[in-house]
């Protein structure tokens, strides 16, 4: 085996390893896949995801500050954005994401929290400065 083909083989193996290491989705779904009996779909998925994200945000820094709540996006706007994201993903042939992970399959609460936007330090520090 020549040095260049050996190098190519090692590079491809490393690339495959990195791809699998950074993949956060466990499943790939098709549009005709049935929903899991315990999966959350549609508005149930949106409501449960929003609830878990708010609980996680409160656990990490609290959301009792009225000023902070006013600066957050309205729940209706967040819901519309989330639903449009789900529709865009559903148009693909094979898709991954929260709809695949938590509707066609079952998600734990921790898996739902993994789909929440990160709590930024600026929002935590601004609430302490008010």
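Just so it is clear, glycine is given a Cβ too, placed from its N, Cα and C backbone atoms.
Residues 54-77 are the range that Swiss-Prot records as region 'Disordered', among 54-77, 78-101, 102-125. All protein chains shown were included, and the count of other CB atoms within 10 Å of the CB of residue 111 (4-carboxyglutamate) stands at 16. Nothing from the recorded positions 102, 107, 111 places its Cα within 10 Å of the Cα belonging to residue 29 (disulfide bond).
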